Amino acid sequence: MARKTPIERYRNIGIMAHIDAGKTTTTERILFYTGVSHKIGEVHDGGATMDWMEQEQERGITITSAATTTHWSGMAQQFPEHRINIIDTPGHVDFTIEVERSLRVLDGAVTCFCSVSGVEPQSETVWRQADKYGVPRMGFVNKMDRAGANFLNVNQMVIDRLGALPVPMQLPIGAEETFRGVVDLVKMKAIYWEEENMGMKYTYEDIPEDMVELCEEWREKMVESAAEANEELMDKYLEEGDLSEEEIKAGIRQRCIDVEIVPMFCGSAFKNKGVQALLDAVIEYMPAPSDVPAIQGELEDGTKAERHSTDDEPFAALAFKVMTDPYVGTLTFFRVYSGVLSAGSPVYNSVKSKRERVGRILQMHSNSREEIKEVRAGEIACAVGLKDTTTGDTLCDPDNKIILERMEFPEPVISIAIEPKTKADQEKMGIALQKLAAEDPSFRVKTDEETNQTIISGMGELHLDIIVDRMKREFNVEANIGAPQVSYRETIKKSVEADGKFVRQSGGRGQYGHVVFKISPREAGSGFEFINSIVGGAVPREYIGAVEKGAQQQLENGVIAGFPMVDVSVELIDGSYHDVDSNEMAFSVAAGMGIKNGVTQASPVILEPVMAVEVTTPEEYMGDIIGDLNRRRGMVSSMDDIASGKSIKAEVPLSEMFGYSNQMRSLTQGRANYSMTFLKYNDAPSNIQEEIIAKAQKGE
């Protein structure tokens, strides 16, 4: 079966933004204008089709990235039909993992900014993630009808806060309640959308007289940006002082795809203005799968390889989301980078080294689905029947194995103990947590060996609240949760030599293992390193693996307070063995003893997670907010003026941030907002370390 739409006409885009920049409403309007959803769903009344999990509708925030396929031929039907796959991404800071994994499989992104608050803290976080994956972006300044709306102000913030180069492609006509339409700077025409038919109809008119000069000034800047794309355009621009419409679009497209500029658009999704022109811009300026560099991977023998976006290369895809569906079981969302996959055919999961069979392939529309026979390079689809595949795995042709670049997931920073309300639900809770952990790699489940409690860990309080909530809704398991626990770490400050000796003689065959280590601190974030410096066989080669494993296990279990020990180098420099009594277990135990002995002399310290906190507050509460942050051992790093008052940035230990949202609301009568992201691990002050160690020794 041949392709219906050539790959050049595909666009895989994400819509990313801070909470309340109107991202879900923008997506809804896109679905409406592309003819997929007939009644526009409003986030205000919990009806948006992209927000398809019940909690999202209640909380009015978007949690899971749903993938949707739509088609568009332009506002004036000026293009052949293009296929747009939209991945909706959450804007709440506890769900950055969702954003991270959707960015991984996108070719381009539309970033929504609020016309009043502009670049907010989460916009910066998401922007940095998009930089990491080299995703081309364009901006949509939404909510132009709100009091305080200012398009050019937001452009300036994109320069100042994100260090990017925005290029306005439109200017708004009016703002706040007088916002009526936009000026298209390429065509130099005003566009007005009719309110009666929800913006389905529009008119092109002359630019209002009082705006002509401003539009000419900004058009000049836009043409100049386009000319910088290549020498040919620059020569023509220098000779003639202008470029044709086609040349402007070609130049802007090239620079946008090369991540040099951010074309900027504006509108009000809620008032049905500007979204249709934004869709045209997606087709004109966002890359097709064939425009982005080939994806890199590794073959079985470790050699580097790449896969191009074409049906002729072997099949290779990345699973970027796993979900449990009550009717069909496990759904695996995947992006195909090369080749073709037919329903019912076998695939190879090269990360898990397992063959699997794809039962059915579904094309997803945010909450309805259509079954398809095959899926081709550049497409995003959903597989039913994959049992062992989790987020970030590569699926490929069993005869042409490859591992695509892996996704990186952050370590959780907060843990809570959880137990079912009734003993009968114990098994059900285990199954539910296992399924939720398969869906979300930033959520972990483990059993505490000493207390036998189930511990769940995640990226923030809201993240874990929603997990508990989903267990109740989707799996009918009600749970009690304990107080949140911080994920501390341990490390050392100086190098020492230490030995570990395990000898047991109790009649018959004994046990004997003896190692000498040099234990040294490493740079923050560099992890564990094991060096084997044995010469002359003081420890036989077959036991080296057991020594490394024993050392690593002891470090993971911690030494001073039971927290994982990080950034340590362990060098095996000497040891001894017994011809009869030595075995792997004895050396593993000896290694653990060596680590314990060494660490206690190596100035061990406890590290605590420190969060980057940003509070936006009306000016009159600034003193109270700063005072409260100082009481929480916070270090205020900056205070900036913003449209709604002040923005305060601070670094605060996570252990001091529990219950912060309630305290902040009471200090500011609910008028302040904050966001919090993990920043780094720092040495905890000595009094705090003593408390933590005392608690650990009591077994609390």
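Using the three backbone atoms N, Cα and C, a Cβ is placed for every residue, glycine included.
If you look up Swiss-Prot, you'll see 8-290 marked as domain 'tr-type G'.
Reduced to three states, the DSSP call for Ala17 (GTP binding site) is strand. All protein chains included, Ala17 (GTP binding site) registers 28 other Cβ atoms within 10 Å of its own Cβ. According to Swiss-Prot, the GTP binding site annotation covers 17-24, 88-92, 142-145.
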Checklist entry - Across all chains shown, how many C-beta atoms besides its own are within 10 angstroms of the C-beta of Met144 (GTP binding site)? => result 29
Checklist entry - When the pLDDT values for the domain 'tr-type G' (8-290) are averaged, what is the result? => result 81
